[in-house]
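Notes for the one structure printed next.
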């Protein structure tokens with residue numbers, strides 16, 4: 001039984017890793033553009049993601065206030081996604097922000113941006129605002 005449990009755990013771990021993805025700069029820029037993000041703002045979005053999650057869909061971060069940030073955009077569970085903790089304004093389970101399909105992540109990030117602009121993200125405020133942004137023009 002112990003061997004079976006170990007094998008099962010290994011299979012589950014492989015599957016969980018298979019769902020996670022680290023995007024490249026251009027791959028992310030194209031995904032954002034294909035989901036309605038204006039090309040003029042792509043450098044800001046790419047910079048945000050680079051500094052929030054290092055382009056990883058599986059990124060999580062526990063905050064001092066007890067909340068958690070999820071996924072490539074580091075979307076917080078106190079307001080935006082459902083983990084049994086907060087208001088879930090994006091109407092999405094936080095765990096769905098950790099897979100390699102970022103369509104729903106982008107939809108939620110657009111809502112956050114609509115309400116608060118890029119200032120909703122400390123990664124953008126601290127590393128992108130007023131600074132040299134990534135060039136994504138060669139991606140298209």
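Even glycines carry a Cβ here, placed using N, Cα and C.
According to Swiss-Prot, the protein carries these features:
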| type | residues | note |
| --- | --- | --- |
| ACT_SITE | 52 | active site |
| ACT_SITE | 69 | active site |
| DISULFID | 26-139 | disulfide bond |
| DISULFID | 47-128 | disulfide bond |
| DISULFID | 81-94 | disulfide bond |
| DISULFID | 90-108 | disulfide bond |
| DOMAIN | 21-140 | domain 'C-type lysozyme' |
| SIGNAL | 1-20 | signal peptide |
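DSSP gives residue 81 (disulfide bond) a coil state; it is part of no helix or strand. A simple way to gauge crowding: the CB of residue 139 (disulfide bond) has 17 other CB atoms within 10 angstroms, across all the protein chains here.
Cα separation, residue 81 (disulfide bond) to residue 90 (disulfide bond), rounded: 6 Å. Following the DSSP three-state reduction, the secondary structure of residue 26 (disulfide bond) is helix. Each of the disulfide-bonded residues 81, 94 was ranked by the number of other C-beta atoms within 10 Å, and first place falls to 81.
Using a 10 Å Cβ-Cβ cutoff, residue 90 (disulfide bond) registers 22 neighbours.
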